[in-house]
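Student: Residues annotated as domain 'Cytochrome b561' in TrEMBL: 7-220. Annotated transmembrane segment per TrEMBL: 7-25, 61-80, 92-116, 128-147, 159-181, 193-212, in sequence order.
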């Protein structure tokens, strides 16, 4: 069995495990969780039970890890693989990209199931509506990744579609993390400023490394050219001196 087939098999079985795990809870627990929120008299914010607050926090963490971290890092990995001339290292980086994206999809799937099972989804805000769209897009992206055609005209169309969907998932996923933080703040009045700052710093670093690796080959080539120019100038300076010494010796 090839490495790609093993990855597909792992992805399939892991998906079943992650999909079935959140469904184990009983309907009575679900009623307790969803009926526990209440509004205070002093304000319009929701008083949540500790269990529901944990579920919301876990949902946010899973979706951050999936769309706010693993997917952007996976894109960095595939960009690095395109710069690798060594075929072995190219394959390693490619499989790192594939594994990161698979884990990201699994985490997003668990987060989606938790949302459907435990939360009141009225789809009356941008976070919920965008989340539903993202769940569909990421699984479409998975199918595209698994059924990559051989090199040729079909491969060009596939690459364009894969790139468009990957870019859309990344940008919309990052946006939905911010929207999720805002929705959490509106419902609970808890501060989210520190989390927004940390997430912004993380995304800034990812973008920086993405742009830096784009220019890294150019920087390396410039160093080689500069080194060659320095060696040429040194040889030119040494050459006449050696000739003068030979003349004096004769």
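Each residue, glycine too, has its Cβ placed from N, Cα and C.
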Student: Between the transmembrane segment (61-80) and the stretches 128-147, 159-181, 193-212, work out which stretch tops the count of Cβ pairs under 8 Å.
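Tutor: Stretch with the highest Cβ contact count: 159-181.
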Student: Cβ under 8 Å to the transmembrane segment (128-147), counting only same-chain residues 6 or more beyond its ends: which ones?
Tutor: 8, 11, 63, 67, 98, 101-102, 104-105, 108-109, 112, 115, 121-122, 158, 161-162, 165-166, 168-169, 172-173, 175-176, 179-180, 183
